[in-house]
Amino acid sequence: MHTADIACALFLFGIIVVSLLSNVVVLICFLYNPEIRKHVPALFILNLTSCNLLLSVSSMPLTAVGLVTPGHPGGSVLCQLVGFLDTFLTTNSMLSMAALSIDRWVAVVFPLSYHSRIRHRDAVIALGYTWIHSLCFSAVASWRSWLGYHHLYASCTMCNSRGKASGAQYVVFTVLLHALSYLLTLVVLCVTYMKVLKVARFHCKRIDVITMQTLVLLVDIHPSVRQQCLDEQKRRRQRASKKISTFIGTFVVCFTPYVVTRIVELFCPWPLNPHWGVLSKCLAYSKAATDPFVYSLLRLQYRKTCNALLNRLLKRSPLNASHNTSRSYNTVTCVQTDKPTDQ
C-alpha cells in the first residue's frame, strides 16, 4: 500500500472521529435545550447535522476501507446504496447551507419583519425543497446506473460504469448536478453574506461615531479606558469579516477541489492522479467535521448548553452569577452590539 494512501486513510479516520463527535454534540444540544429548538435556523442546522452524521457512518467508512484494502469494498448492492446516500446527503447539506445564509440575510437586513417573513412553516417548506432536489438527482443517477465504485476517489459514488453508451448524458447530468448544488450554493452564500457584511459594517460605523463623540466629550477619561474603547472598535469591525470569511471560505476550500476534479475528469483525455482524487474527496468529507463548529458549537448558546451538560454529567453545580466579574468604567461604557452575522 502506498504511503499517500496510508496518509489519506489516517486523515479520513480523523475526519470521521471529529465529525461523529461534533455532530452528536450538536444533536444533543438541540434535544437538550428548548431555547435552541425555538429558533427557525435550528431546523436547518438539524438537517445539516443529520446529513453529516449519515455521511460519517455510510460513505466515509467505506472510503476508508477502500484506501487500506485492495479491490472493491463491499458488494455491488451496498456500494450503489452508499453512492445514492453520498449524492443525496452531499447535495442536501449544500442546500442547507444556502438556506441558513438566506435566513441570516433576512434576519439582518429585515430585523423588524424577520419573524413574519421566516417562520417554522417556511423553514419546513425550504427543507422539503432541499430533500426533493437532492432525491431527484440521486434517483436519476440510480436509475441510469451511474452509481458504483469509483477508483479515482476510492469511493462508492457517481461513476459512468456504462462507458461510451451514455457518455454524453452522464456529462450533462454531472455538470447540471454540480451547477445546481455547488455553484448555486456558492452564489447564494456570496450574495447573502456580502449583504449581511454591508449592513454589519454600516452599524459598526454608526456605533464608532457615537463612541468617538462620547470620548471627545469626556476629556477627563483615563487613557487606558479610551484605548480599550478604541480596541473594541477595531475588534468589532473585524468580527463580522472573520465570520463571513469562515462561512464562505470553509465551503470553497472543502468542496471546490472535489467539484473541479469531477468536471476536469469529464473532459480530460488522460487519467487523473488517484492520490489527488482521494485527497479531494477527503476534503469534501472534511466539511462534515467543520460544519458543527462553523454553524453551531462556537455560538454562545451552544457553548452554554455544552457547559450545562458537562456540569450535569460531572454532577457539578454551575458557577454562581456572583463569581462572574464585570468591568465597569468611571464615566463611559464602550458600546457593544449583538453579532449580526452569528449563525
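All residue numbers here begin at 1 and follow the chain in the order shown.
Cβ atoms are placed via backbone N, Cα and C, with glycine included.
Those TrEMBL annotations? Automatic predictions, nothing curated.
According to TrEMBL, the feature domain 'G-protein coupled receptors family 1 profile' maps to 22-295.
For 6-32 (among others), the entry in TrEMBL reads transmembrane segment.
Non-local neighbours of the transmembrane segment (44-69) in the same chain are 1, 5-6, 8-9, 12-13, 15-16, 19-20, 23-24, 26-27, 30, 78-79, 82, 85-86, 89-90, 92-93, 96-97, 99-100, 103, 123, 126-127, 130, 149, 153-157, 278, 281-282, 285, 287-289, 291-292, 295-296; each lies 6+ residues outside the stretch with a CB under 8 Å from one of its CB atoms. Sequence annotations record features per position, and here TrEMBL assigns transmembrane segment to 44-69 (among others).
Positions annotated as transmembrane segment by TrEMBL: 81-102 (among others).
The transmembrane segment feature in TrEMBL is assigned to 123-143 (among others).
The transmembrane segment annotation in TrEMBL covers 170-196 (among others).
Per TrEMBL, the feature transmembrane segment maps to 244-264 (among others). Counting same-chain residues at least six beyond the ends of the transmembrane segment (244-264), those with a Cβ under 8 angstroms from any Cβ of the stretch are 94, 97, 101, 152, 174-175, 178, 182, 185-186, 189-190, 193-194, 196-197, 272, 276-277, 279-281, 283-284, 286-287, 290, 294, 341, 343.
Per-residue pLDDT, averaged over the domain 'G-protein coupled receptors family 1 profile' (22-295), rounds to 85.
Here the transmembrane segment (81-102) has Cβ contacts under 8 Å with residues 41, 44-45, 47-48, 51-52, 54-55, 58-59, 62, 74, 123, 126-127, 129-131, 133-135, 137-138, 141-142, 147-148, 155-159, 177, 181-182, 184-185, 188-189, 192-193, 247, 251, 255, 284, 287-288, 291, 295, 343 of the same chain, all six or more residues outside its ends. Under 8 Å from some Cβ of the transmembrane segment (170-196) lie the Cβ atoms of residues 87, 90-91, 94-95, 97-98, 101-102, 104-105, 108-109, 133, 137, 140-141, 144, 146, 158, 160, 162, 240, 244, 247-248, 251-252, 255-256, 259, 262-263, 266-267, 340-341, all in the same chain and six or more residues away from its ends.
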